[in-house]
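K.L.:
Please find one structure pasted underneath; my questions will follow.
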Amino acid sequence: MGVLPVPAEVRAILLDIEGTTTPIAFVQETLFPYIKDNVKEYLRAHWEEEECQRDVGLLRKQAQEDSSLDGAVPIPLESGSGEEELERVIQAVVDNVHWQMSLDRKTTALKQLQGHMWRAAYATGHVKGEIFEDVVPAIRKWREAGMKVYIYSSGSIEAQKLLFGYSTEGDILELFDGHFDTKIGPKVESESYRRIAASIGCATNNILFLTDVPREANAAEEADTHVAVVIRPGNAGLTDDEKSYYSLISSFTELFLPSST
């Protein structure tokens, strides 16, 4: 795709994760299957812990709110009548988690349990955050050139820090000046990018946003943020119109910083 010059006014680079720094396959084929395959074992191991009980309480509350939905799985309360009953409750939680995940739901209750399970998986070495090989060398060069580098992902800030803290490249959290998730706003709304700019103390046109999702690129552009769409293996294809409209890169090494000359 050649070289993409970075506009001279850009002072910060804002990065998406899935499909940009990290293969989509890592999320779809490693992170989510890990939850499905290990949730019962995790609940059995941590059931008595306060954090696990809070997670189950949130899931139970969500299940009550979902009771009118087709296929919803209720989570009964424990009455303390032995191992058999405990297994029934744990199985109900497992079934509820599997049901929510099958619908690709993003409830706070589900995300909280997933976050705690991933934290344990990263810490024990069962999972390592996968990073495209061009990412770390490129970010180091950007920082040497005086750029600030931030992450903006729909995954929670805790999940972001786990991915980069326990990555295939080691702990690379030092490379980032800050993290944003959807608490600052949805990635497909232009106001989110204005809030990010205000938060880091610059104008929106001082930011270059790299993402693989045209709808996010469009929202950023509406806020007067510079954008480039990242083409990676496994990413969704772009239309001919999107290919001709957006600046495209297939590697971070294709970004050319005027200040680095």
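Every residue, even glycine, has its Cβ placed from backbone N, Cα and C.
Whatever TrEMBL says is automated annotation, not expert-curated.
Sharing the features that TrEMBL gives for it:
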{"type": "BINDING", "residues": "ASP16, GLU18, ASP212", "note": "Mg(2+) binding site"}
{"type": "BINDING", "residues": "SER153, SER154, LYS187", "note": "substrate binding site"}
K.L.:
Rank the binding-site residues SER153, SER154 by how many other Cβ atoms lie within 10 Å of each Cβ and give me the one with the fewest.
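P.N.:
Comparing Cβ neighbours within 10 Å for the binding-site residues SER153, SER154, SER154 has the fewest.
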K.L.:
Pop the Cα-Cα gap between GLU18 (Mg(2+) binding site) and SER154 (substrate binding site) into the table, whole Å please.
P.N.:
9
K.L.:
Enumerate same-chain residues with a sequence separation of six or more from GLU18 (Mg(2+) binding site) and a Cβ-Cβ distance below 8 A; give 'none' if the list is empty.
P.N.:
ILE24, PHE26, VAL27, SER153, SER154, GLY155, ASP212
K.L.:
Measure from the Cβ of ASP212 (Mg(2+) binding site) and count the other Cβ atoms within 10 Å, all protein chains considered.
P.N.:
20
K.L.:
May I ask for the distance between ASP16 (Mg(2+) binding site) and LYS187 (substrate binding site), taken between their Cα atoms and rounded to an integer number of Å?
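P.N.:
Their Cα atoms are separated by 10 Å.
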K.L.:
Among SER153, SER154, LYS187, the annotated substrate contacts, find the widest CA pair distance and round it to a whole Å.
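P.N.:
Maximum Cα-Cα distance: 8 Å.
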K.L.:
Determine which residues of the same chain, besides ASP16, GLU18, ASP212, have their CB within 8 A of the center of the CB atoms at the recorded Mg(2+) site, and list them by sequence.
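P.N.:
Along the chain, the qualifying residues are ILE17, GLY19, THR20, THR21, THR22, ILE24, SER153, THR211, VAL213, GLU216, VAL230, ASN235.
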K.L.:
Given the recorded substrate site (SER153, SER154, LYS187), which additional residues of the same chain have their Cβ within 8 Å of the Cβ centre, ordered by sequence?
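P.N.:
Near the substrate site, beyond SER153, SER154, LYS187, sit ASP16, ILE17, GLU18, TYR152, GLY155, ASP181, THR182, GLU216.
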K.L.:
I'd like the number of other C-beta atoms within 10 A of the C-beta of ASP16 (Mg(2+) binding site), please.
P.N.:
21
